[in-house]
């Protein structure tokens, strides 16, 4: 059992390291802000940061919170040796580090079986994304893994460059700014190995697709594609290398970055997509969408001869249609006209120039935003927990990583900043709540009286924003939905009427003379927990509506690009319900996120940027003060210091300071609590300076700890260095004592187990098992096995059987869900058709598809008629009339409870599985089959005669869905079917040179099936 006050370093030496930085605090400051004497002073807080930053120490604690200052340079503190240094070491034992926080969360998850969450916050450029990468890398290197887990780790790590390419951009403050919030949950099994992951994304800044401020860029992927894509790819996408040729890339006037190589990053992203598991076709479709957005931005409008709005750049419109997989004329119509529904009737109205431009931009934002969501879903599928391998995720624990935008105050603050700062208000509320709860729980667990903490409760601000019927979001939604003329100015007036007099809300109209000078007439000001922010209402209504014209949705859902058609579902077009407004949707997502975070044990990383110029070594005190305020760090420190500044477990405290008391030095042999009590009494601690809990000592004032530490440093020369070693061997005869039993055992090795040979036989058994462990077969096909000694023959045979059974079980668990589904269907097909139907060997040798019909091939009205009964499988068939045998093309659609025969837009017949009496097929190579239906009722049309090119696949799926596997009849010569009540028809089957279906003699249907040579 290890001491909590010790750490085993990478060379294996044991050394005391607890709070070693206390001795150098005059030079490097304190490594925990809780130990600041003047903890209420913001100046003292910033000075401590400055000292540590000047010495290259970028990490500092506030209790269990890690404060990180971006160094803007590579530091030699992230090697594998550093990871090992922090692995399994108590949080406060060595200097603050992101690895210490990562390891503490991991060990808490394993030992306490509680889900953890690490919340990373800070403004753009503070290093949030890098912090999350360091945490993921730490787990990838230090956690136990096998081949599958290594692949999972690679995919989790490679998701970062992909999400950065599509979700990050160059902003005024940061060359690689995340323009979305991200929560990543990593699942661990009972051994602590990563087995799955899941990503949630929040509030992608879609407006950046169509507009960028001066000095900023669009999302990285656009520039990476143009700079890194090869000539053939750009030709296929009808693109040119120069970003200046594209309207959506020139707004910020910043096409190139000196600090970033778009060409190199393109290679990284393409490799990452491959590692994650994207197929080449998917990547091509994805890049077609990116190129389509660029061409969409170059699509321009003008006036026609009759004054109507029309597209003037036909080439770009054609490229957009081709790349997005839609009809060019339908796209042009949808971009220049709007479809309205009034009293059940649809009307088409033309758009003016401004409306057409807005429709174009809305489409670009919608396509990119939904594609980004698809991308996240695709990554989630790649890193998801494999139920087939790990049986169930119920036994898994989770560590979540929240990398989300920090409090944002720009020169011009709009709807996006409002949502971001609302998110930070909620996080601050949760942070204070969880911090207080954690403190209170620790006090109660240790039997220390809890003292009420005074702090600013920002619930009043959260309610101001989110309260039903009265909050800003509710007012914004009402104004968007209100009939009549609405605009941003009317929204501001509504806010003044609803919230006038609120202590944290003010407008130009409501402000006093001094405040009014600092505010525009289109602005409202919120007094957030972190400070005042003015928001300009221009664009609030449009951004909150975030609507796409219905006819544009209809065009997109008919796309031949599978990604686009997936992103624009047909159900969305049919649903008459208005979608949630953007702010409400964000609020609801935020509530769900708060539930996720509230259910986990939190850890925090607060990231700071030392200067705006991204220069290493430069510490801008004004900028730091701004961030300390907006991150609520002083409030955090006050809450943490409300009680005791320092707390440590008894064994750690006693281990470090026992030399200061003669009764505890060199060793204390009694109870730990008594030893600590003896030590502090000897040191002269006063009653108000400390409290002893059940397993920890609590020290109220930092100066008490510093005095104790100084006394220890002064005592060290007297103590001297302790040397640990092993006693030397004094007895030379010891060697004989070891060897003689071994020689004697060898002589008696063929005898039964006895005292004379037990040492030798135990050694032989141990050596065999050790050798076996190193040379176990790696696959079921490997039949090698070490030869056992005579005494272990039976045990060896049992071990061989157990090992082979274990490998078989592991192989079965590794089978992917889609292959498991294939195997189940192929086994069913084998039971039905093997050795009975000529076409079985060919049919079963091919993959069974999920459907033989593309989604767009199934008519929208049919889907609507089926309602909640989803189509599980569809296939084209030929139906033969029961009288006359006229062939008619149809679609056969299978749902979970019934099948339907469809003629274009109309359902011709419904076949309930419960009523299906049987399925008949011939033994030859044809595709004919008959569905036998009840004929007692006059309403029944009789049996259904069908032909399908995929009869093995179809009949297998139908029989499995209908639970009729045992009701499939294979007839060698003919099939009799019911024409109508009391009347029968016959299908005759013969072999011939080619497939032919025709009316034969005596009114029978004759099917000639070709001979198949099955090898």
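The backbone N, Cα and C atoms fix where each Cβ goes, glycine too.
These numbers come from a predicted model, not from an experiment.
According to TrEMBL, the protein has these features:
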BINDING   122, 123, 124, 125, 126, 127, 128, 129  ATP binding site
DOMAIN    29-713  domain 'Myosin motor'
DOMAIN    837-1011  domain 'TH1'
REGION    590-612  region 'Actin-binding'
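Feature annotations (TrEMBL) mapped to structure.
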residue	record	Cβ neighbours (10 Å)
122	ATP binding site	26
123	ATP binding site	23
124	ATP binding site	20
125	ATP binding site	23
126	ATP binding site	25
127	ATP binding site	23
128	ATP binding site	27
129	ATP binding site	21
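The region 'Actin-binding' (590-612): residue composition by secondary structure is 9 helix, 8 strand, 6 coil, according to DSSP. For the recorded ATP site, residues 122, 123, 124, 125, 126, 127, 128, 129 set the reference point as the centre of their Cβ atoms, and the other residues of that chain within 8 Å of it by Cβ are 70, 174, 177, 406, 607, 609.
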